[in-house]
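Some features that Swiss-Prot has for this protein:
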REGION    1-234  region 'Disordered'
MOD_RES   13  phosphotyrosine
MOD_RES   19  phosphoserine
COMPBIAS  35-51  compositional bias 'Basic residues'
MOD_RES   54  phosphoserine
MOD_RES   58  phosphoserine
COMPBIAS  64-77  compositional bias 'Basic and acidic residues'
MOD_RES   73  phosphoserine
MOD_RES   79  phosphoserine
COMPBIAS  91-100  compositional bias 'Low complexity'
MOD_RES   113  phosphoserine
MOD_RES   130  phosphoserine
MOD_RES   144  phosphoserine
COMPBIAS  149-174  compositional bias 'Basic residues'
MOD_RES   179  phosphothreonine
COMPBIAS  185-199  compositional bias 'Basic residues'
MOD_RES   204  phosphoserine
MOD_RES   214  phosphoserine
């Protein structure tokens, strides 16, 4: 199918030139009317909050500024007070040191004034005792000799001590004398014990000499008869 042909009209723009100029002038004289945009309630709340926050921030900043100013003033006052305190302490120390130095000077002057008359008194005393110094020195020499003699005496005493020790040697103990107990039981009368026999058999050399020197004595008649009777019994 073929499309239908449109009817085209030829338009002369020369007819509309004046009207176009008038529209341009009208647009220049009065601009298009501005439409008012309605703000939503959320945006209004946000604006109010932002306003409050801004006010609070401004108040906080003002308070901070005031505090900083006060701190600065306090620090300045404290620094001035500290300076004054340091000055007072220095002044007190200086005054104390000056007073101590004055006291020392006064004491030294007093001591010097006391020493001068003492020296004057000591001078004649030394002149009087000057002659006895030599004697004193001689006495010192005697003391030195006395010390040397003491040392010698000590040495002699030390040497004599071991001799005393030798003298104090322990003495040998005496042998206990044993007394023979009498023999119990039957014993023949007249028989000597073994110890007595041994003593009789071993005559001492002195007794032998005496027997050799002394001549044999003659037996009496009674002793001879007794010997014979004893031999007959045996």
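Note that Cβ sites are derived from N, Cα and C of the backbone, with glycine treated the same way.
Mapped onto three states, the DSSP output places residue 58 (phosphoserine) in helix. Spacing of residue 73 (phosphoserine) relative to residue 58 (phosphoserine) is 22 Å (Cα to Cα, whole number).
Cβ neighbours of residue 58 (phosphoserine) (same chain, under 8 Å, six or more residues apart in sequence): none. Residue 13 (phosphotyrosine) sits 92 Å from residue 79 (phosphoserine), taking the Cα positions as reference.
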